[in-house]
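Straight from TrEMBL, the features:
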type     : residues  : note
TRANSMEM : A:12-37   : transmembrane segment
TRANSMEM : A:85-107  : transmembrane segment
TRANSMEM : A:119-140 : transmembrane segment
TRANSMEM : A:161-179 : transmembrane segment
TRANSMEM : A:191-210 : transmembrane segment
TRANSMEM : A:249-269 : transmembrane segment
TRANSMEM : A:275-296 : transmembrane segment
TRANSMEM : A:308-331 : transmembrane segment
Amino acid sequence: MQHFWDQPLSWGTAAIFAAGAVGVLAFVLFFVTYAIYFERKVIGWMQYRKGPNRTGPLGLLQSVADVAKLLLKEDTIPKKADKGLFVLAPVLAFVPSFAVLAMIPYSMNLQFADLNVGFLYYIALSGITTIAIVVGGWASNNKYALLGGMRSAAQMISYEVPLVISVVGCVMLSGSLNLREIVESQAGYFWQWNFIPQIIGFAVFLVAAVSELNRTPFDLPEAESELVAGYHVEYSGFRFAFFMLTEYVYVYAIAALTTLLFLGGWNAPAPQLDFIPGILWFFVKFAFIVFSLFWIRATFPRLRVDQLMGLAWKVLLPLAILNIFLTAIGIELMR
Amino acid sequence: MKGMLKGLGVTMKTLGSKKVTLAYPDVPIDMPDRFRGIQYFDPDKCIVCNQCVRICPTECITLTGKANPDPEKKGKVIDTYDINFEICILCDLCTEVCPTEAVVMTNNFELASYSRDELFKDKDWLFGNNTNVREDNNNIGSPKGGAK
């Protein structure tokens with residue numbers, strides 16, 4: 001894909017880019033469909049249940065049926081809502097979540113845009129989704145939606161800080177923000193992957209990532225048993241489907257990022273296993289991260305709202321900064 | 001921290017364990033023998049003593065008897081016997097009081113229907129409800145025919 005970027009834009013290359021985007025969209029939709037199915041199955045199994053098993057063979061069509069239901073639903077907009085913003089919010093939430101997928105390298109040569117600030121690009125764009133959530137909460141003209149939106153913004157902004165700082169250690173080790181180069185610097189045996197030298201950074205990153213995704217145990221913005229439904233109380237039908245889609249596309253993005261930054265991306269655990277294609281290794285690690293997210297969701301209860309900010313600023317942020325200092329000392333000593 | 005890891009272990013163990021979900025609408029549920037389900041009624045055993053009607057706390061049972069068609073025999077035989085399952089609470093009192101075990105409990109419990117009229121069950125329907133009948137109808141060991 002990369003050599004197309006270096007050529008001047010013509011109708012031909014534009015068509016290739018569009019086809020690539022549609023391909024990724026189709027793949028991501030497939031992932032989201034079966035991530036939801038898999039999530040419900042895993043959580044069911046972890047609660048002595050069987051999970052969806054009635055729609056289609058083994059319940060495989062359950063998410064398809066759910067999405068079809070959402071799309072067929074009546075499209076309601078509250079009378080006193082701010083119509084323009086209300087319609088804009090789901091779009092504004094989804095577009096950046098999809099745009100961040102452009103910089104993910106799946107293997108050595110399969111990547112859409114080889115940005116030299118790949119990680120920063122992710123952080124910059126995912127911040128826009130926070131705005132969309134506040135906009136959605138505000139435009140609904142509903143106090144629960146507004147409170148949910150405010151909570152969500154506070155949480156996502158707070159946890160973005162330790163998320164970014166925890167990655168600085170990785171960047172220092174590889175000397176680049178380019179995701180492809182970060183992965184290449186982890187080549188070799190699996191103990192050379194960043195999750196061992198950067199164990200503190202990895203732990204902080206995981207916690208902050210789960211929180212960024214607004215998933216249990218950090219799902220306070222939605223908190224279905226406390227707030228009504230957070231910022232999307234007033235949303236239904238396909239607008240609600242877009243918010244859900246955004247959430248799961250971010251699961252995809254974060255799982256891919258964790259794989260790339262800390263689990264060595266497409267590198268095999270040992271150089272002897274290199275005959276297995278890198279993209280397979282990537283998706284094995286990716287699936288493990290996605291499973292872990294579901295596992296965490298099935299295990300932990302929700303945090304209290306007064307513990308939430310304390311955790312971000314008093315625990316995760318100092319740990320992340322400590323990690324930077326330790327990494328710097330380590331680099332200095334190893335030289 | 002240790003507790004959190006323990007929790008993760010618990011959920012992981014549960015993941016592979018046997019599930020408690022029953023395939024209920026596809027496979028009927030086996031109820032224990034003392035389950036209080038829809039009554040089975042045997043008209044041949046009924047002696048029209050009216051005890052079930054009198055003991056019923058919701059007055060959902062109505063019955064009428066007629067003279068025994070065989071002129072040699074005394075007493076009555078049952079003519080109509082209806083239980084209104086709109087109000088029946090399946091309390092087991094009618095079957096407990098019945099001296100001849102003409103009305104007994106079964107393990108069947110599916111009463112949902114589209115019309116209230118369908119909940120009014122007559123003698124023939126109750127006689128036809130002859131599956132999963134309770135086996136031990138005298139579990140306190142009371143003497144047959146009542147105490148003398």
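One-based numbering along the chain as shown.
Any Cβ shown, glycine's included, is placed from N, Cα and C.
The model shown is predicted, which means the values in this text are computed figures rather than measured ones.
Long-range neighbours of the transmembrane segment (A:249-269) within the same chain, counting only residues 6 or more positions beyond its ends whose Cβ lies under 8 Å from a Cβ of the stretch, are 28, 31-32, 35, 94, 97-98, 100-101, 104-108, 119, 122, 126, 129, 167, 170, 179, 182-183, 186-190, 192-195, 198, 201-202, 205-206, 209, 212-213, 215, 276, 278-279, 281-282, 285-286, 289-290, 293.
Against the transmembrane segment (A:119-140), the recorded stretches A:85-107, A:191-210, A:275-296, A:308-331 differ in Cβ pairs under 8 Å, and the greatest number is found for A:85-107.
Sequence-distant contacts of the transmembrane segment (A:191-210) (same chain, six or more residues past either end, CB-CB distance under 8 Å): 159-160, 162-163, 165-170, 173, 182, 217-218, 254, 257-258, 261-264, 267, 293, 296, 311-312, 316, 319-320, 322-323, 326-327, 330.
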